[in-house]
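Taken straight from TrEMBL:
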type	residues	note
DOMAIN	5-237	domain 'NAD/GMP synthase'
BINDING	27, 28, 29, 30, 31, 32, 33, 34, 136, 165, 187	ATP binding site
BINDING	33, 141	Mg(2+) binding site
BINDING	116, 149, 156, 233, 234	deamido-NAD(+) binding site
REGION	214-246	region 'Disordered'
COMPBIAS	214-224	compositional bias 'Basic and acidic residues'
Ligand SMILES: Nc1ncnc2c1ncn2[C@@H]1O[C@H](COP(=O)(O)OP(=O)(O)OC[C@H]2O[C@@H]([n+]3cccc(C(=O)O)c3)[C@H](O)[C@@H]2O)[C@@H](O)[C@H]1O
Ligand SMILES: Nc1ncnc2c1ncn2[C@@H]1O[C@H](COP(=O)(O)OP(=O)(O)OP(=O)(O)O)[C@@H](O)[C@H]1O
Ligand SMILES: [Mg+2]
């Protein structure tokens, strides 16, 4: 695992240097994926790595975890409270759209808006320092499309893209991430009580096994295939029409 860490650290250095940027930035949530990325970018850019903690109605416990990750990794970090900004923007939309506000879509609209508000903030802060935005998407999340298009999916580099969730856990242990963060149920924290595996309807270990080519329960396989197919549009750039030849 130490070799794989070195490989990712070197890859980050090469990519950032090639881009002409001066360093790297990550959003730190208090979850394991962003913890691993925080430790990796600190190793790659000891003096030029930056963590942003961006609470939007975030539980105090998770905010504390995020601060602990930032402190423990030794990364330079700031907290930028976005709850009020989020609420103000939602209120403005709701007032205008008014009786056409779709209550059925309400939860997901707000969830994805949170992720995109964070992404916009990360790009603004990163550009201020001439840093790149480093994403935290891992292999099972990417395969199933479990991310917000242009939200947490919007980043310049994705170092964890080929890592299973189990490998993320192993890497976290090797890097010195605390058990508190490693053992927390993965959550997007986009609404109260949300957990990834409840929403996905299948566990990360099962998705990992499926991607490795192992046999999984037929119902789980069906679900994974459905998620993968339905999210293909998130893994490619937006299509345009063929050239007009009229
Ligand atoms: N076929 C198609 N071709 C092109 N575009 C298509 C499309 N179908 C939908 N779209 C577009 O994509 C949008 C839907 O995609 P998207 O906006 O991503 O939204 P959606 O996939 O509906 O939801 C995002 C999922 O990711 C989860 N998430 C989000 C953020 C962070 C995390 C985490 O783990 O931390 C998890 C979240 O809980 C939710 O389950 C539609 O509103 C539409 O604009
Ligand atoms: N409160 C937050 N502050 C800063 N960044 C955040 C916050 N919430 C989410 N993010 C960003 O969105 C990413 C996607 O969240 P996701 O839940 O998939 O990862 P995680 O929280 O790091 O790990 P886990 O999947 O185990 O919960 C995070 O890794 C982080 O970069
Ligand atoms: Mg999380």
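Quick reminder: no glycine exception, Cβ is built from N, Cα and C everywhere.
Checking the binding-site residues 29, 149, 187, 233, 234 for a CB within less than 6 Å of any atom of ligand 2 leaves 29, 187, listed in sequence order. The Cα of residue 136 (ATP binding site) lies closest to that of 156, out of the binding-site residues 149, 156, 233, 234. For ligand 3, the binding-site residues lying close by, meaning a CB under 6 A from one of its atoms, are 29, 187; the full candidate list was 29, 33, 187. Shown are the binding-site residues 27, 31; of these, the residue with the fewest other Cβ atoms within 10 Å is 31.
For residue 187 (ATP binding site), the same-chain residues that are 6 or more apart in sequence and have a Cβ closer than 8 Å to its Cβ are 31, 194, 195, 196. On the 0 to 100 pLDDT scale, the model's mean across the domain 'NAD/GMP synthase' (5-237) is 97. For the pair residue 27 (ATP binding site) and residue 141 (Mg(2+) binding site), the C-alpha distance works out to 17 angstrom.
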